[in-house]
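Here the structure comes first, spelled out in structure tokens, and everything after it is commentary.
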2 protein chains.
Amino acid sequence: MTTDPTRDLLPEGLEDRLPQSAAAVARIQRAVLDVMRSHGYDRVRPPLIEFEQSMASRMDGLSTRRMFRFVDPKSLRTLALRSDITVQVGRIAATGLSGAERPLRLCYAGQVARIAGDMLDPRREELQVGAELVGADSVAAAGELVEVAIEALEAAGAKGISVDFTLPDLVDTLADGPLPLDTATRVAVRRELDAKDAGGLVDAGGAAYLPLIHASGPFDEAIERLSAIDGAGALDSRIAGLRQIADRVRGRARLTLDPSERHGFAYQSWLGFTLYAEGVRGALGRGGTYRIGAGSMGNEGEVATGFSLYPEELVEAVKADEDLGRRLFLPPDHDRDAAARLRGQGWRTVAALSDQDEAARLGCSHRLERTEPVPVRS
Amino acid sequence: MTTDPTRDLLPEGLEDRLPQSAAAVARIQRAVLDVMRSHGYDRVRPPLIEFEQSMASRMDGLSTRRMFRFVDPKSLRTLALRSDITVQVGRIAATGLSGAERPLRLCYAGQVARIAGDMLDPRREELQVGAELVGADSVAAAGELVEVAIEALEAAGAKGISVDFTLPDLVDTLADGPLPLDTATRVAVRRELDAKDAGGLVDAGGAAYLPLIHASGPFDEAIERLSAIDGAGALDSRIAGLRQIADRVRGRARLTLDPSERHGFAYQSWLGFTLYAEGVRGALGRGGTYRIGAGSMGNEGEVATGFSLYPEELVEAVKADEDLGRRLFLPPDHDRDAAARLRGQGWRTVAALSDQDEAARLGCSHRLERTEPVPVRS
């Protein structure tokens, strides 16, 4: 045999999922989609590839530089492999489903890719599963999405779910109102809040924003501290909304608040949330309220609320225990009706291809004898 | 609003699937995978992207020229977006699962893409779902795969399924044995048989192969005619195998034989088959026996049997009638336990986001009153 030893290596950040982990991915995807479907979300399937320009025009604050791009020999325009399905669903809502009644509930699942991973996550391809409610960004809409996200993660087998809320436009709301800041100071205040650097915040001229650093932590205490800051009147509706959402899901997830957190919320308007689960590295997903296609084209799109899950690390956490099902060995000339009946009952049959009894070698716990499964002696 | 009117157009051959057709895709994919799983096939998930060289080395007779390709900034090597998952599953069998027991039953589902469509099918992206049995290419293995393929298509909702069998190495088998041909004549004979051109076949020096043109049609008659040709002794085992496979699935599908058909069977060894269904344009899939990685590297891989389904045209045929499920409107302050119970029974709930009763406008057939669904008056 002449074999190039490198030919089977996969590129960095790309991997095969073998049966145990592939079964976990499939089960999780199905469970999440089933929950979304049961709450009225209709699935849509955008393509893997689009015009780079079309993607870019809908990606507020994000660049197509992180996408795999290539020239289309048909159109001679640049295509991009999608790195996010949310923007595609926004496009569908604005085009193919522009005439559908609002609020419009849509969901999706598919692979996304990016040209480079990062230190925290070297993956260059992953599954994204999400739900978008188009035409509403109210407290009721956000509460529904948070609840559906928690239920979806529960159905996927996640334990110890927690939700961390944020108010992505918090600084702007305060700076435009009770705690005015000029443009340059606003940028500095945001930066120091991101770094949670109290000294830096004071030096930057944002002393009035100091209480925000301490208004994070377990939800009930943090929302009290947020309500007590000077100028909190400007946040009344947001604080009331957060409390309503928290009341709705209390007891099903651990709730925290980090009101000035902006990382990962470049799109969002008044509300953002990040989803975690015990024993799962990093965030499992994020969501919030936003405006579709409020991008570089300058047009104002519809309001929407949604969330995306990235289940790869949940798969890593559960794959070792993933149940591949009971296997039933079918000897040559077995009763075919009995085999079909048992498959209908959840058995996975493994048919003999030779005269040898290979039940044990092929991992079957049972063998079909006449019409019933009989345990294989080990 | 300033909107570039072209920004929402998708590239030629790429499309969005809206709820009705997306639901059909999801249902079909699930049904097919469930059948494969029940017959002992474990799912694997290879990545969307691989090194071009790795794909090419496993694609016997196929070129990577039809793949989307681009340079990886990480490795500085050329990557390709997959156009076929079978070769990836072969790679997995030869690498990550090289130590797994044989026969090894694997299945997969995922999107594949090609840089250019063709006249018959302008699509540049489609779903491929398939099953591969690695380590066997016997009659028993082929019979199992044909049966699983039919059962999978039935489960997907295909009606009037037909299977067209072929013997991809037929001319070689005869030319190496009872009906010898030199290399140049062999090429010409294959070409004229492909064209079913009797005159051309005689002119090319393949008069002895003339009966093959007439050995196609409904299975039972065609296999009789094939058995009767001069030199059929060299085909004894193949003819017996075909008969066994046909007996196994008779009554579940219309069976035909076109023994010299080679189109789409560049990979296959002794057996190939193509799957069709009534009311569905073109072939729904194909399969057969082959050897993994018997490619340009010159090494001999394991024997295998498998099939791939391409369900897009089945989706087109069924999508208008796809059932999106019963929708139940949930008024504000509805009984949440009742709603959860009804979701568990298959209802899709649509929660009110305002005080208005939008049941009818949002396509709900029923409204939750206290704890039970009540039909919406129209």
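Cβ from N, Cα, C; glycine included.
Those TrEMBL annotations? Automatic predictions, nothing curated.
Pulled from TrEMBL, these are the features on record:
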type	residues	note
BINDING	A:D84, A:I85, A:T86, A:R114, A:Q128, A:E132	L-histidine binding site
DOMAIN	A:13-314	domain 'Class II Histidinyl-tRNA synthetase (HisRS)-like catalytic core'
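Structure with TrEMBL features highlighted.
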| residue | record | Cβ within 10 Å |
| --- | --- | --- |
| A:D84 | L-histidine binding site | 20 |
| A:I85 | L-histidine binding site | 23 |
| A:T86 | L-histidine binding site | 23 |
| A:R114 | L-histidine binding site | 20 |
| A:Q128 | L-histidine binding site | 20 |
| A:E132 | L-histidine binding site | 27 |
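Look at A:T86 (L-histidine binding site): DSSP puts it in a helix. Across the residues annotated as binding L-histidine (A:D84, A:I85, A:T86, A:R114, A:Q128, A:E132), the two Cα atoms farthest apart lie 22 Å from each other. In the three-state DSSP assignment, the secondary structure recorded for A:E132 (L-histidine binding site) is strand. Secondary structure at A:R114 (L-histidine binding site), taken from DSSP and collapsed to helix, strand or coil, is coil. Mean pLDDT of the predicted structure over the domain 'Class II Histidinyl-tRNA synthetase (HisRS)-like catalytic core' (A:13-314): 94.
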